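The structure appears below as C-alpha cells.
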Amino acid sequence: MKNKFSKSVNLGYFLVVADMFIYGLFPVFAHKFSYTMNPLLFAGLAMLVGSLPFTVLLAKQKKFNTMYSALYLKPLLMIALLTALGSMAFFSGTRLSSGINTGLIIQIEPVYSVILSAILLHEVIKKDQLFSTIIMVFGAMVVAYKGLSAVNIGDLFLVTVPLFFQLSHVIMKKILVRLKDPNFIIVSRLLYGGLIVTIVALISNPADITQLSSFNNLFNIVIFGLIFRAFDFFLWHQGLARLPLSKASAILPLSVAISFLGSILILKEVPTLNQYLGLMLIGGGMFWLTLQHFRITNVGLVGNFRKLKNENKN
C-alpha cells in the first residue's frame, strides 16, 4: 500500500514538473505565433481546439448538458468572459512586448490572489505574504519600467492578465463546490471563452479570416491548442490529483526559469539588466510565497494528525 502511494506521488511530481516546462514555454510560443497572424484569432481558435478533448469527454460521460443548464450557465459564462478578457489582453500585450517580459509579468498572479482573497473572501494577509507580494510587484515594475516617456502599452496589458484569471478563479472555487468535476470549468474557459475571443477577432477584423487559408497558420493553431491548452490542463489536474496543492505549487517557480531561458534560446532575445533583476525579484517572491503556503499546509496537517491521535487515545 505504501509503495503504491509512493509511486502515485512520484508520478504526480513528474506530471507537475512536465507541466512546468509546457506552462513556462506557453508565453514564449504565444509571443512567437502572435506575429504570424491576427493574435486574437489565433488565441480564440487555439482555445477551441484545446477544448475538444474535454468537450468529447463530457459528451461521452453524458454530462455536457450541464454546460448550458440554467443552474450553472451564468457562472460558467462569467468564467468564460473573464478568461476571454485575460486571453485578449495577453495575446495583444505579448505582440507589443517581448517574450521575456511576457513570461515574467504574467507570473505576478499570486499578487492578485492575495489581494482578492483579502477583499472578496476577507482573509487575513500575513506579514510574510505582504512582503513577498510587494517584492513581486516591484519586480514587475522593474521589468516594465523603461522611463516615464516610454511606457509600453503591451506591458500594461500583460499586467491586467493575471487579474482577469484570478477573478475567474474566485467564481470557479464557488461553483466547484456544486459541480465537483473540474472539466466543466476547463470547457467553459476554452470552449465558451474561445468562442468569445474568436467572435471579437472576426468582428474587429473580418478580412483576417483569409489567414486561415495558410496551412502553417492552421498547423500552429492546432499544435498550440493541443499542447499549450489541452495538454497543459491535463498534466496540471492529473498532477494535483496525486499531490497536495502546496507541493505542486512549490514547483511553480520552475516555470519562470523555463520561460526566461526559452525566450533567450527560442526567440533569441537578449535580456537586459532590468529583466535579470525582475527575474530575481519575481522568482524570489514566488518562492517565498510558496514556502509560506507549504509551511501553513504542513502545520495544518500535523495539527490535524495530533488531534486525531489524541481522540483515538481517549
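Any Cβ shown, glycine's included, is placed from N, Cα and C.
What TrEMBL says about this protein:
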DOMAIN    11-144  domain 'EamA'
TRANSMEM  12-34  transmembrane segment
TRANSMEM  40-59  transmembrane segment
TRANSMEM  71-92  transmembrane segment
TRANSMEM  104-121  transmembrane segment
DOMAIN    153-290  domain 'EamA'
TRANSMEM  184-203  transmembrane segment
TRANSMEM  215-236  transmembrane segment
TRANSMEM  248-267  transmembrane segment
TRANSMEM  273-291  transmembrane segment
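Beyond the ends of the transmembrane segment (40-59), by six or more residues, the same chain brings 30, 33-34, 66-67, 87-88, 90-92, 183-184, 186-187, 189-191, 193-202, 204-205, 208-209, 211-212, 217, 220-222, 224-226, 228-230, 233-234 to within a C-beta distance below 8 angstroms of the stretch. Remote same-chain partners of the transmembrane segment (104-121), defined as residues 6 or more beyond its termini with a Cβ less than 8 Å from a stretch Cβ, comprise 27, 90, 97, 129-130, 133, 136-137, 139-140, 143-144, 155, 158-159, 161-163, 165-167, 169-170, 255-256, 259-260, 275, 278-279, 282-283, 285-286, 289. Among 71-92, 184-203, 215-236, 273-291, 215-236 has the largest number of CB pairs under 8 A with the transmembrane segment (12-34). The average pLDDT the prediction assigns to the domain 'EamA' (11-144) is 90.
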